[in-house]
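Notes to accompany the following structure.
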């Protein structure tokens, strides 16, 4: 929605949008999962899913809303120092919200197997085979130091698929320019309660619940 005010000065009128209109927004909310917390068992257990969604993701959403409110105030005051100091909180919590919103849809109790159609052809073209792609994305995800994500993204400029790793909650597109298709969360909160510190076991299991229909849909959308 747009709102404007008229400023009158020496007989002339000027149409301007007040700052409050420019930065007005709706608060971010925690998206519902498209399945029950126990739906991905035995590969990811219900306790992990409940904590991951209702606690961790919810915290990113809440903190993002707080950071945006503070940023709005800093904008209104013209306080550039405060705007700059809020960037890490916006990146971390905004990235956490973006990444998890994608992640939940990338998983499905009816997932697993291999993709079909255009996505499969692109995987074979860019990685040689599905097995080779799976091995590479797994290796990149295992290799993330500390916390972060392994990603399959689409490089629009080059028209090809690309694998990348992001640290912490850095969002793929905002930090690399790649359009996110499939994200694998390798923060310990995504697997520790079930797999302890054995990240490779978690990564082996997660392929059984990858929602290739969702990944294929994302690929088709970003190619338009």
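All positions are counted from 1 along the displayed chain.
Every residue gets a Cβ built from N, Cα and C, even glycine.
As given in TrEMBL:
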- 52, 100, 185, 189: Mn(2+) binding site (BINDING)
- 27-108: domain 'Manganese/iron superoxide dismutase N-terminal' (DOMAIN)
- 115-218: domain 'Manganese/iron superoxide dismutase C-terminal' (DOMAIN)
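Around residue 185 (Mn(2+) binding site), the C-beta neighbours below 8 angstroms that are at least 6 residues distant in the chain are 52, 99, 100, 103, 149. Counting other Cβ atoms within 10 Å of each Cβ, the lowest count among the binding-site residues 100, 189 belongs to 189.
Excluding the listed site residues 52, 100, 185, 189, the same chain places 53, 56, 57, 103, 187, 190 with Cβ atoms within 8 Å of the centre of the Mn(2+) site Cβ atoms. Residues of the domain 'Manganese/iron superoxide dismutase C-terminal' (115-218) grouped by DSSP class, helix first, strand second and coil last, total 54 helix, 24 strand, 26 coil.
According to DSSP, the secondary structure content of the domain 'Manganese/iron superoxide dismutase N-terminal' (27-108) in residues is 58 helix, 1 strand, 23 coil. The number of other Cβ atoms within 10 Å of the Cβ belonging to residue 52 (Mn(2+) binding site), over all protein chains shown, comes to 23. The average pLDDT computed for the domain 'Manganese/iron superoxide dismutase C-terminal' (115-218) is 98.
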